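Feature annotations, reproduced from TrEMBL:
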REGION    1-35  region 'Disordered'
REGION    77-105  region 'Disordered'
COMPBIAS  82-93  compositional bias 'Basic residues'
DOMAIN    128-210  domain 'S1 motif'
DOMAIN    226-289  domain 'S1 motif'
DOMAIN    312-382  domain 'S1 motif'
DOMAIN    398-471  domain 'S1 motif'
DOMAIN    488-555  domain 'S1 motif'
DOMAIN    575-645  domain 'S1 motif'
DOMAIN    660-732  domain 'S1 motif'
DOMAIN    752-821  domain 'S1 motif'
DOMAIN    1054-1128  domain 'S1 motif'
DOMAIN    1152-1223  domain 'S1 motif'
DOMAIN    1250-1331  domain 'S1 motif'
DOMAIN    1365-1434  domain 'S1 motif'
REGION    1525-1567  region 'Disordered'
REGION    1588-1636  region 'Disordered'
COMPBIAS  1596-1636  compositional bias 'Basic and acidic residues'
Amino acid sequence: MVAPSKLPSGKRNDSTKVFKSSKKPFKKTKDDVAARSEAMALQLEDVPDFPRGGGTSLSKTERKKIYEEVDAEFEAEERVSKRSKGGKPNKKRNPSEVDELGSLFDGGLTGKRPRYANKITIKNISPGMKLLGVVTEVNQKDIVISLPGGLRGLVRASEALDFTDFGTEDDENELLRDIFSVGQLVPCFVLQLDDDKKEAGKRKIWLSLRLSLLHKGFSLDSFQPGMVVTASVKSVEDHGYILHFGLPSITGFIKKSNDGNQELKTGQLIQGVVTNIDKERKIVSLSADPDSVAKSVTKDLSGMSFDLLIPGMMVNARVQSVLENGILLGFLMYFTGTVDLFHLQNPMCNKSWKDEYTQTKMVNARILFMDPSTRAVGLTFNPHLVGNKAPPLHVSSGDIFEEAKVVRVDKSGLLLELPSKPVSTPAYVSTYDAAEDEVKKLEKNFKEGNRIRVRILGLKHMEGLAIGTLKESAFEGPAFTHSDVKPGMVTKAKIISVDTFGAIVQFPGGLKAMCPLQHMSEFEVTKPRKKFKVGAELIFRVLGCKSKRITVTCKKTLVKSKLPILSSYADATEGLVTHGWITKIEKHGCFVRFYNGVQGFVASRFELGLEPGSDPSSVFHVGEVVKCRVTSAVHGTRRINLSFMIKPTSVSEDDSIKLGSIVSGVIDSITPQAVTVHVKSKGLLKGTVSAEHLADHHEQAKLMMSLLRPGFELDKLLIIDIDGNNLALSSKYSLIKLAEELPSDISQLQPNSVVHGYVCNLIENGCFVRFLGRLTGFAPRSKAIDEPRADLSESFFVGQSVRANIVDINQEKSRITLSLKQSSCASVDASFIQEYFLTDEKISDLQSSDITESECSWVEKFSIGSLVKGTVHEQNELGLVVNFDNIDNVLGFIPQYHLGGATLEHGSVVEAVVLDLSRAERLVDLSLRPELINNSTKEVSSNQSKKKRRRAISKELEVHQRVSAVVEIVKEQYLILSIPEHGYTIGYASISDYNTQKLPVKQFSAGQSVVASVEALQNSLTSGRLLLLLDSVSGISDTPHSKRTKNKSSCGVGSVVHAEITEIKPLEVRVNFGQSFKGRIHITEVDDVSTSEEPFSKFRVGQSVSARVIAKPWHTNIEKSLWELSSKPAILRDSSELNGIQVREQLEFVTGERVRGYVYKVDKEWVWLTISRNVTACVFILDTGCDAQELEEFDRRFPIGKAVSGYVLTYDKEKKTARLKSIANGGGCKTDNLDSSIPGVDATLFIHEGDILGGRISKILPGVGGLRVQIGSYVFGRVPYVVGRVHFTEINDSWVSNPLDGFHEGQFVKCKVLEISNSSKGTVQIELSLRTSLDGMTSDQLSEASNDNVNICKRFERIEDLSPDMAIQGYVKNTMSKGCFIMLSRKLDAKVLLSNLSDTFVKDPEKEFPVGKLVTGRVLNVESLSKRVEVTLKKGNAGGQPKSESYDLKQFHVGDVISGSIKRVEPYGLFITIDNTSMVGLCHKSQLSDDRIEDVQARYEAGESVTAKILKLDEEKQRISLGMKSSYFMNDDDDKTQPPSDENAKEDSMECDPETGYERHSGSSLVLSQVESRASIPALEVNIDDIEESGFDNDQNEKLQGVDKDEKSKRREKQKDKEERERKIQAAEGRLLENHAPESADEFEKLVRSSPNSSFVWIKYMAFMLSLADIEKARSIAERALRTINIREEDEKLNIWVAYFNLENEHGSPPEEAVKKVFERARQYCDPKKVYHALLGVYERTEQYKLADKLLDEMIKKFKQSCKVWLRKVQSHLKQDEDDIQSIVNRALLCLPRHKHIKFISQTAILEFKCGVAERGRSLFEGVLREYPKRTDLWSVYLDQEIRLGEVDVIRSLFERAISLSLPPKKMKFLFKKFLEYEKTAGDDERVEYVKQRAMEYADSTLA
């Protein structure tokens, strides 16, 4: 919302202050001038506000009182002025001034003609006024309107329109801008005036544009043809627009124009001329032609009231008289109004303007404002306003005009003509603004026609007038308006106020600005009022100007800065240096703010200029002014990167900084991708080391990255690139070692040379290798790797160190072609392994940086080849772990290969040779092999002998000497070798090379012989190690032995050749044979099927084998072509087997056939095998085992090359791929043999009942739905997988409270197939079990232990297994108000009646017995035929104990006195728990006291201790009857001799059931429970309670006194009554069984067959299926019902559709779409209107109000003449608390037939009374009763609603109105009778008599 302009408190005329703040100069003015200027109002002359032209309604006393108040105010002002002038005598007031002030009342109140025209000022504007205004601003939440007199009003968005529901989804924020436009004339209504909280004495004017306020008092008769009215567009229709006048029952309509130019929007305000009035339909037709609207004049009408005058209405007026500052007019017969000087026809009229307006002159004028309180009216002659347009303004605030012409000189100011273009503009200068000092007489200083200099202060939009000033101070200031203020401007300003948030200052031009607290000084200001003094003048610099709010700073650095100003993101250019101030400090940088809100960020510690390790917050502080440099700027994203390094260090300044030079630096910061360092040089330079450049080995680079910290020093760094002032560095040893040889220019390269570099990019077609700088070469795919089909991304990684062979150099195109093949780029030295050990030492130093030197000295005690002693600490299958004395945290390890055959025990002391040590892991590798130990003991005698030994080795071994070595230990990156020929000297060789780091390495094993060359002897650079280079790595493969194996034999398919093994891969062996032929032996071509699982275990590199050629190479490239060989014994023996192989690959595999393959790939869920060279197979994860642990370790169980056997499930001949089921399914897995005769590929065909399978939980079903388990997969892109269901009782072996605990989706489980069945839809349903007690589910040991728990794990699958009194357990399946169903197994359910749920009263069964709860009970009844089982959960019955044990009555005797506590109080007696037992007895209310007790519950409370006497013990029914009469305890003998009768005792011993009012003991029998179930039957004809309770009160005294003579006859009668009652109960049970609620699907099927047209039965069937969570079944039942129910039964079908709606609304996916589909179908079969209402009811019940509203809108369009539909719309709006009901009522009345109007209005009124606002309901009733006053039904309904509200005064007044009507006697009798009934209930006798009196009066008057 736009902040309203501040209202004036200064000296100048108010009309100018509305637009501008006070433009006071800093010069002090005289006090008397200040006093006069402050008293001036907003009008240009000191004139009366609203003088009336008519008489007054005030009495003489009131007028006298007003005169006295005015005189008192004048006297007070005189006293103030005398004090302000220091006691000087005041000048006498001008007589004319006194007359003017007096005329304010004389003319306005006494009927005299006024002397001055009416004018609007801030002082006399009041709520209720109506004004014409022009829109000047349209904002998101409000509208700014310029009013007459230069006032400024605000309209809130809520007050802009009468309604807000437009039926559109436009953005709320853009709504006002779409409807209103700047320059639009609008009529306004003044709502209220608020004092401005920011500045005292100023007021905000709040307006409303609502037509309901403007047209208040209008009726249909007020509209006349030709009249111009304002309306708002309510809706857009096909042929026009429906309009809203703000009146409840009147609507308007405008036709759309044919030219299409008239485009109106909903809510838009328009003016139109009335063309037609339809009084019956209350529709007013308008025409919006602009010319007609502008020219239409309101006609003179007799009887027109003041309320019907509207601002903007044009009238034909007659001049009555000319006033001093305007004209008095008469219009519309008896109305008068005035026009002030600024609204004349000529805005720039001179002093002779009065001559133009002669008396009785007729003119057209438009109403400008009107005040209902004083009946004052203002009009305008302005040509633009008369033409219904806002006056144009061709000037703006702040403009200066040098040649303004004086047109008129008045007492209060000057009227000027400004030479603006295209036409001149009038301007007015008040007396105050005419000069710096007070001007007494303007006529002396200014003459008409003079040319003067003027500056525009503000604008009056309604008058088309500019307000100007002539003061010299107004021309001096650099900023006069907000548009003049520019960021960075330096100006003087005066402090006018100081607060805790900062200071308010004022510019010389009068503008105000704020200086925030942090900008008051360079440093923190704690006491701002001491720093800034009010009135002081200081120099400020403008920070920004946003939304007319100016912010300045007083920081000296910013004020005096000579640097460029950064005030927009577009000004930010790289290298710009400017001043800013810090607004926020983060760990990684600082935010810096500039002018106009521009912000930048210093993104790194280097750019902050901080020393390594220092904290930014300790160096800088928020608010500090800093000088910074723009390093980069992205204008689109508004991002600016800065640096506090103003002059960046140039690389050229330091000669040592160049490509290829070695530098050092300190780590500044670390990111996941790189390390930033401060390079040590002459200047402060920044360098970056990417993570890949920390080491040559990828894994070591990652480890280094995790260990580095800021502040660490990196000593050797190679500059590999220079980007501006940023250096790209590398710590790779391979590059640093050969830094001088690395090329930086293409001219430095030589063909066929090998150069070190690094991979900078990988693409599909090749690899880019970079050297120094940007020198880059490209290795095509064919030259990058030896294997043509390998993936480059899996062979290299970006940043990898490589050796590149220069193949070709193209100088013209600057292209370098490289080769990265290992055969041409193999290492020639041991630099790769040397770098590994050096980096390992660096890593060890980083890890031990916080460890003392003494802890690191352990390394010196272990030298390679020396003997050390240790103690065996642990022994495992890999070797021995050894501890060393006096050395903590260091372990030794002796592999099995190096035990030398020795068997050692824990604690044994060993002496071993050191082979290797890892400083980072603090691990020493040892050996006990005799040849190594014996060789070492020879030179252990002394230190001297050791030195001789080393010298001897040095002499023996020479660099580049080739030696034969033996592999001692195989490490991940290197081999530990021994050289037997040279005293078993220990050496180290790398397994891989620079170019093969990601490629599969050659497999080595301990004891294997290799050939290597010595590349580096022991020294400090090699970490004291002898470094070797393997021939296999260097590419040397021709040994004397290999040369002998090559022969010149022929090479054809079928020929036997001798081949030498060159490489052993997981799935093939590469060989060389013949003359440079290369071939391979596939893993399936090594042995016969029955041989070892590791075919390559007998092969070694360099070994010679015999093989037969079985296929030619398929690749055309000779280098890549490989011959297919086979070394199978059968094929070597007979070449005829070769034909069998070729034929076999063409045949299909038979289902069930056993095959063998080797793993070559493992996916997420599949194992891929190679069965032969060209045939593959796949095994699904769940087919590889059945134990969950096996399936969890799926990846580990199948390494590449492992042999796997399985049965063929399917075979795809085209793809040559078979689907297998693994034989190694786990030890416990059980599967039947596969049937090879089964056709097809359905995976379920291979699953049989009893199979033990592996599964994976795919979904945990809600409630007791159980689990859905995936047990297999379909093949070759078909349905994703095979799923089985685990019943809730089959999840756990034992009965646990929550079987689903511990299970989650995706978990592997072991399951057994229980049953496979086919559904009606043709799908296969598989029932599974997870119970471990089933056969095959556990191991032998566990199965024996589980036999003891066979009873716990037992599940009753058949109903024959159950018998009464059997203890059972189960889970609650469904709970209802009558009881619950429990699951005993997957096939058996049982029901539990409410009376059998618990021993105590069950208040809420669904809460106490939730679905899934574990319960224990006992079988009550088993019906084998109907397959029904009834169970009780009572504790006394659950254990199956005999009655004597559970409830022993022998311990009590009749007559015993017991103590107990009241368990429950019922109206018929007390239930008492006997102390120290669990038994409960009943004391009937007749036995409570000797006196009669009416209210038992009021006298006794539960828990109260009582004493009672046993009156009756019924052992058969387990009941105890008690008595508490005081007479029982006074005379025990009498009581014993006279016990109560049997019948009475039986009645008393009845106990209460929760539903019938009786309760049973814990030991009640089966018969009792059956009676109990009868008692719980609802809706019986016989009321058991009445029958049994009647026996309690009958003849109680006689029964207690003794046995009567006719006792036997009475007993016979009672026995007959009892038998009759039993027969009635049995009959009632029979009737109930006929209507008994089914409890299974079969019962429902029987029921729907017997009643196929009953929607009730079908819906109950659907609900039953939903309770079982079977949604699809419920849907199918709904479809069956719709097909089955007879087509004539429309209501029954509609009920099914409604149930279908509810089903989809609850369970559809998504619900809205599912319901919509069902709804579209329902509309085709049923009455659409009923279907719509049904769906609407569903939405309303589920509170989906958006969908309900959308559906209602559709219903209104379709059934617009339905009263019920419109009422539903009204009801929906009221429920949602929406207020716009009137618009709906109006629309409904337009659409509904006339005969439905009364019904609709009355029903809407009732809804308003019930759900909405009662006042609106009254208005509706009143409106309809005005038209139909004799409708007593309406009066009755109206009265009923008021009576329901209970406002007595309103009700009685309404009755008075009703009985005052002149109606027929019958109707009046009805009204009097209703009045009398009301007074009888709500009034007193006096009111009743009053009504009777009124009735008598009516009767008398009627008879008369």
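Keep in mind that glycine also has a Cβ here, set from the backbone N, Cα and C atoms.
Whatever TrEMBL says is automated annotation, not expert-curated.
Mapped onto DSSP helix, strand and coil, the domain 'S1 motif' (398-471) counts 4 helix, 37 strand, 33 coil. The DSSP breakdown of the domain 'S1 motif' (488-555) into helical (H, G, I), extended (E, B) and coil residues amounts to 7 helix, 35 strand, 26 coil.
Predicted-model confidence for the domain 'S1 motif' (312-382) is 89, expressed as mean pLDDT. In terms of DSSP secondary structure, the domain 'S1 motif' (1152-1223) contains 12 helix, 35 strand, 25 coil. Within the domain 'S1 motif' (752-821), the DSSP-based counts of helix, strand and coil residues read 7 helix, 35 strand, 28 coil. Per-class residue totals from DSSP over the domain 'S1 motif' (1365-1434), listed helix then strand then coil: 7 helix, 35 strand, 28 coil.
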